[in-house]
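Colleague: Residues annotated as domain 'Major facilitator superfamily (MFS) profile' in TrEMBL: 90-517. The feature transmembrane segment is assigned by TrEMBL to 147-164, 171-192, 198-223, 235-252, 258-277, 345-364, 376-395, 407-427, 433-453, 465-486, 492-512.
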Amino acid sequence: MTFSDLLEQVGSTGRFQVLHVTLLSMPILMMASHNLLQNFVAAVPPHHCAPHANLSMSSMGAGDVLQATVPLGQNGKPEHCRRYVHPQWQLLSSNSSESLLEEGVEEIETQSCEDGWYYKTTEMSSTIITEWDLVCDQRALKQMSQTTYMGGVLVGAILFGGLSDRFGRRGLLLISNLMMAVGGTCAAFSTSFTMFCIFRFCCGMALSGLVLNSFSLIVEWIPTRVRTVVGTGTGYCYTAGQLILAAVAYSIRDWRWLTLAVSLPFYVSFLYSWWFLESARWLVLTKKPEQAVKNLKTVARINGRRAEADKINLEMLQESMKKEMACSKGSYSALDLLRTSTMRTITVCLSAVWFSTSFAYYGLSMDLQKFGVSIYLIQIIFGAVDIPAKILVTISMSMLGRRPSQCGALVLAGVMILINLLVPYDLQVLRTSLAVIGKGCLAASFSCCYLYSGELYPTVIRQNGMGWVSMMARFGAMVAPMVLLLGEDSPWLPGFIYGGAPIISGIFAFFLPETLAQPLPDTMQDVEDRGFGWKKDKRLPEKENLAKKDPSCVHLKESV
């Protein structure tokens with residue numbers, strides 16, 4: 001009997017699994033709200049320099065004051081960052097305006113916005129841009145706030161990946177929920193931009209803990225045959241979260257209340273997370289088999305299998321996990337991700353896949369204002385495209401396999417982004433359509449790589465592995481906003497970079513092993529046994545290294 005057989009005995013798809021997966025998926029609905037919150041709380045409204053502070057406007061209209069104090073740019077609209085040193089009242093006369101245009105208005109002396117800015121708050125009544133004047137010389141700080149948030153996600157991936165392997169999934173999940181709730185609440189009441197960035201950094205860390213531990217608790221309590229469906233289902237929660245964000249942001253136009261609204265649900269998640277059972281697989285592999293037996297009995301009773309619950313004992317569990325327990329006697333760390341050639345190949349290829357998927361995904365998703373339509377509408381379109389994309393990738397993963405699905409999604413996304421560079425700017429509908437298709441392919445890639453990575457890494461270092469690839473994804477998400485700044489000098493360059501990265505990583509994905517219909521690996525030896533379909537003698541040196549690390553692991557199959 002294996003652990004999978006034991007899980008079937010207590011009920012692998014019963015009432016417990018349905019409730020367990022549903023409750024773990026609820027916070028995922030709000031994860032998109034925090035990841036994409038920047039599109040709304042940092043939306044840049046139309047703006048121009050405020051009139052001179054000592055200017056009396058009692059007898060003049062706002063249009064006249066604007067014409068006399070702010071020069072027009074090359075696009076015929078008021079300049080964002082310059083104003084006249086002295087009001088030019090002669091410009092209000094049509095004859096004077098025509099003569100000045102012939103002479104060159106640019107000769108009139110201008111200055112920076114000494115008295116602040118005027119913002120046209122039609123889409124959002126208040127944003128961090130209007131709150132702290134993050135425009136003109138300070139405009140790079142807008143991208144810095146998102147980079148700081150993703151930096152928190154990066155640090156969280158490093159910390160929570162290793163900590164949950166050592167202290168368990170459930171405890172770290174509780175901490176992550178509370179951290180997200182408190183961090184989001186404090187960010188909503190920030191009194192300075194620095195304070196806002198600090199608490200957004202904390203939210204980013206918490207998000208990593210939520211993703212890593214929720215995924216592990218889900219995948220380690222369900223059987224192999226439903227992994228694809230459940231993995232895709234949880235991905236749809238993120239998709240639904242994007243649509244929820246658009247609706248909430250449309251209803252709440254103030255950035256403080258919007259930030260608070262998407263953070264409060266995590267207090268509820270924190271309260272019911274106390275109900276979750278720790279992973280029985282993890283408990284056995286960390287020398288806590290008694291608690292694992294207790295949890296399995298609880299699962300059996302919830303699933304209505306009391307007779308089976310009475311049959312479960314310590315001896316039965318140890319027999320089903322004999323190989324895994326023997327192999328877990330060694331101490332594992334992140335270095336084991338590179339210990340053998342098979343693990344090195346998996347780690348390097350997955351790093352490229354996660355980095356480029358996240359890099360291109362957030363490069364497209366975090367600049368919605370460039371499409372020239374309502375940010376609420378484009379957010380709904382970008383969120384809705386995930387639905388058919390994930391349906392198609394689910395079918396593809398189940399029929400064609402994980403590897404071709406991963407490769408195809410990445411390459412197609414890159415091609416769509418690169419083709420978009422050749423489309424004229426005035427064809428906004430075509431440009432938006434290509435971007436939506438590219439974003440859908442990247443969403444499909446995300447859905448695939450979450451499931452694929454969990455199936456490639458063994459249980460003993462799964463959290464370390466997921467933490468590492470998640471770290472690479474967050475590094476890509478950190479870099480993505482900075483690449484947008486390159487577009488000020490070369491408008492085509494960000495798109496070229498965003499399109500090239502997925503194509504290159506699609507080639508890397510080709511070298512990963514297929515996991516379709518394969519059992520979930522529990523030990524590093526399981527990964528080596530599966531390999532890539534190469535001749536076994538090519539992996540003999542790595543097996544010898546594993547034997548030195550844990551001699552009982554290599555020859556256990558022959559002794560059982």
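Backbone N, Cα and C define each Cβ position, glycine as well.
Predicted automatically and left uncurated, TrEMBL annotations should be read as such.
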Colleague: Can you find at least 3 Cβ pairs under 8 Å between the transmembrane segment (376-395) and the transmembrane segment (147-164), where each pair is 6 or more residues apart in sequence?
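Modeller: As far as Cβ distances go (cut-off 8 Å, pairs 6 or more apart), the transmembrane segment (376-395) and the transmembrane segment (147-164) do not touch.
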Colleague: With Cβ-Cβ distances below 8 Å as the criterion, list the same-chain residues six or more beyond the ends of the transmembrane segment (407-427) that contact it, or say none.
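Modeller: Result: 353, 356-357, 360, 364, 393, 396, 434-435, 437-439, 441-442, 444-445, 448, 492, 495-496, 498-507, 509-510.
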Colleague: Restricting to CB pairs under 8 Å, which listed stretch, 171-192, 198-223, 465-486, 492-512, is in contact most with the transmembrane segment (258-277)?
Modeller: 171-192
Colleague: Should the transmembrane segment (147-164) and the transmembrane segment (433-453) be scored as in contact, given a threshold of at least 3 Cβ pairs under 8 Å and pairs 6 or more apart?
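Modeller: No; fewer than 3 Cβ pairs under 8 Å.
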Colleague: Which of 235-252, 345-364, 465-486 has the most Cβ pairs closer than 8 Å to the transmembrane segment (433-453)?
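Modeller: The stretch with the most contacts is 345-364.
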Colleague: Looking at 198-223, 235-252, 345-364, 492-512, which one has the highest count of Cβ pairs under 8 angstroms to the transmembrane segment (465-486)?
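Modeller: The stretch with the most close Cβ contacts to the transmembrane segment (465-486) is 345-364.
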Colleague: Mind looking up the mean pLDDT for the domain 'Major facilitator superfamily (MFS) profile' (90-517) in the predicted model?
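Modeller: Its mean pLDDT is 83.
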Colleague: Determine which residues of the chain contact the transmembrane segment (492-512) at the Cβ level, with the cut-off under 8 Å and only residues 6 or more beyond its ends counted.
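Modeller: That would be 345-346, 348-350, 352-353, 355-357, 359-360, 363-364, 402-403, 406-411, 413-418, 420-421, 438, 441-442, 445, 452, 456, 476, 480, 483-484, 486, 532.
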Colleague: Same chain only, please: residues at least 6 beyond the ends of the transmembrane segment (198-223) with a C-beta under 8 Å from a C-beta of the stretch. Say none if there are none.
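Modeller: Hits for the transmembrane segment (198-223): 4, 7-8, 12-13, 16-17, 20-21, 24-25, 27-28, 31, 34-35, 145, 148-157, 159-161, 164, 169-170, 172-173, 175-177, 179-180, 182-184, 186-187, 190, 230-231, 234, 263, 276-277, 279-282, 299, 450, 454, 459, 462-463, 466-467, 470, 474, 520.
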